């Protein structure tokens, strides 16, 4: 029988520290008299609150921090408050009152996730992967399958010419032949297979961490495939996709790696942080293919993520004052999003009032406001509270799945769930397609295991 992980204290103390820290931070930030001061004060206070709560959760073991709920909190902070840790130009497009309302909504999102995870509590951390059942053959087969299906549509779009595919990747965003149209079509059925790329980084991290158990050729193949997927994410110009690939790769590697000393961990962590910041600082130029619009961390040029918090504040000025709440239209559109139009020709084209329309920008621009802004559009602060509680409970349920894993590949599937979890923080409306690879792996794993046992029985 595999060794079960040691029981660990509940996350209650960490949640209490986080909530108290946010309460104190709000008291300080709400007293500021400018938008920039409100958000910058909140950013510093929230960062400290998260750090202290994570320290309590850690209990001296890094594995205790590999949890979906903590990843969601980190992702939400990066999408909302991170850019306000740095000096920003005066925010004059919104009022102080709307900034304070946005602060309440954002903090409600953090609090909802923190509290919601207790609705499905766990008493164990992730098991030690080296104590679990493991098949190098199934792992490598799964990597090849996800790679082949994940890039099938892209290769088909360029006549199976890999050089042409790479050249297309380097062109401005949305100009590639595999780019999905606004309304989709029959080709969208194949395009959905590209979502399986989300499973590749965790698999590659697993194989590189346990390279002593694989053949040299398999390790080299995993290294090349992993590097190409990261290049794909970088060339897309979509920072959240690249960072999610990068983080799931690191989670797979660190979780499966042999115990390493503090110095080695610090060096590897520092190199990874520099790589991530360097990618963020340059990849915006790939959106236009010109190398323009680069972030400069040294010359005083503003650090820009997406200004999601500004968009949330602007949405609070529109809903419900000038536009009625959208209600169940938000979750309904999320659920039906993965359904191809080839199957459902009359599928709604989107929200009756999207973010761009609500904020008065043209179709040429795409705005995001995180799940906080989307839930505000659905029903204001109450919807944000209920929605974030739901997301926190889902994170708790997925943590329970990982803690109960009895095979290493189940841990890998758990890590793959980090991708939709992070994507959900940016957009609840867009998360459903990203869940498909996780569901596919949940179906594929038993089939591969059953096939393996059948072959072993015949032998």
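Including glycine, each Cβ sits where the backbone N, Cα and C put it.
Curation plays no part in TrEMBL annotations; they are all automatic predictions.
Per TrEMBL, the feature transmembrane segment maps to 12-29 (among others).
Look at TrEMBL and you will find 35-56 (among others) tagged as transmembrane segment.
As annotated by TrEMBL, transmembrane segment applies to 68-86 (among others). Counting same-chain residues at least six beyond the ends of the transmembrane segment (68-86), those with a Cβ under 8 angstroms from any Cβ of the stretch are 36, 39-40, 42-44, 46-47, 50, 54, 57, 106, 109-110, 113-114, 117, 240, 243, 247, 302-309, 312, 368, 370, 372, 391-392, 395-396, 398-399, 402, 417-418, 421-422, 424-426.
Here TrEMBL flags 98-120 (among others) as transmembrane segment. Here the transmembrane segment (98-120) has long-range neighbours at 10-12, 15, 18-19, 22, 25-26, 29-30, 35, 38-39, 42, 46, 53, 69, 72-73, 76-77, 80-81, 91, 309-310, 312-314, 316-317, 370-373, 375-376, 381, 384-397, 399-400, meaning same-chain residues at least 6 beyond its ends whose C-beta is under 8 angstroms from one of its own.
The transmembrane segment annotation in TrEMBL covers 140-163 (among others).
Here TrEMBL flags 183-209 (among others) as transmembrane segment.
Annotation source TrEMBL lists transmembrane segment at 216-235 (among others).
For 241-258 (among others), the entry in TrEMBL reads transmembrane segment. Residues 62-63, 66, 71, 78, 126, 129-130, 197-198, 201-206, 208-210, 226, 229-230, 233-234, 272, 275-276, 279-280, 283, 408, 411-412, 415-416, 418-419, 422-423 of the same chain sit 6 or more residues outside the transmembrane segment (241-258) yet have a Cβ under 8 Å from a Cβ within it.
TrEMBL lists 265-284 (among others) with the feature transmembrane segment.
Under the heading transmembrane segment, TrEMBL lists 375-399 (among others).
Annotation comment: TrEMBL describes 434-449 (among others) as transmembrane segment.
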Non-local residues, at least 6 beyond the ends, that sit with Cβ under 8 Å of the transmembrane segment (375-399): 67-69, 72, 104-105, 108-122, 312, 315-316, 319-320, 325-331, 351, 353, 355, 358, 369, 414, 417, 421, 424, 428
For the transmembrane segment (434-449), distant same-chain residues with Cβ under 8 A (at least six beyond the ends): 135, 138, 141-142, 145-146, 192, 195-199, 338, 407, 409-410, 412-413, 416-417, 419-420, 423-424
